[in-house]
Amino acid sequence: MNKQRGTFSEVSLAQDPKRQQRKPKGNKSSISATEQEIFQVELNLQNASLNHQGIDKIYDCQGLLPPPEKLTAKMLGIICIVLMSAVLKTIVLIPFLEQNNSSPNTRTQKARPCGHCPEEWITYSNSCYYIGKERRTWEESLQACASKNSSSLLSIDNEEEMKFLASILPSSWIGVFCNSSHHPWVTINGLAFKHEIKDSDHAERNCAMLHVCGLISDQCGSSRIIRRGFIMLTRLVLNS
């Protein structure tokens, strides 16, 4: 009986080391599982970090234009600025160029004060004109012109001059007359007057006047009804 107990004890003791050897195996599996879990967590964190960085890069890239598109946008901006500058220059320069390119005849057709003419006179085609708007007879107008040096009552030279002066003073005496209805029309300088004068058949209408309808005749002593002025002329050689 003691032998059996001893054997059993030995067997039991012999079996105990096996059990003791199994326990380390259980510890190793627990450690390895823990390490795997830690590794998996670290891996997940790394992946999450990489994914976050990738998303940030994507958003950053979305806020920027690719180089070709950026270059195109810059070129379009430069073109717009150049075109706007050209339009502004055109708007500013066209009136200036038109004024400078206007012909001398066009410039002289405009009534304007001239430094070479007396004050309150106007210039047209190298001549100075004084527009007298007072109501006077033909004789009074002739005397008013004679009182000014180198001036005379106007005698029309051409159609352009006649239209120009009629636009300024629609009714005015001119330096043209006739002695009777049977005599020719002459200027105050004694030269034959070549332009047609309407209503010249009346015996008492021996003085000519400029009207919007052209040249007409009237009584030399008349200053009635229509406000008749007069035009004095002084011819000068004006510098351009």
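In case you wondered, yes, glycine gets a Cβ from its N, Cα and C as well.
Taken straight from Swiss-Prot:
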{"type": "COMPBIAS", "residues": "1-12", "note": "compositional bias 'Polar residues'"}
{"type": "DOMAIN", "residues": "116-230", "note": "domain 'C-type lectin'"}
{"type": "CARBOHYD", "residues": "N100", "note": "N-linked glycosylation site"}
{"type": "CARBOHYD", "residues": "N149", "note": "N-linked glycosylation site"}
{"type": "CARBOHYD", "residues": "N179", "note": "N-linked glycosylation site"}
{"type": "REGION", "residues": "1-31", "note": "region 'Disordered'"}
{"type": "TOPO_DOM", "residues": "1-70", "note": "topological domain 'Cytoplasmic'"}
{"type": "TRANSMEM", "residues": "71-93", "note": "transmembrane segment"}
Per DSSP, three-state class assigned to N179 (N-linked glycosylation site): coil
Helix-strand-coil residue split for the domain 'C-type lectin' (116-230), DSSP-based: 19 helix, 34 strand, 62 coil
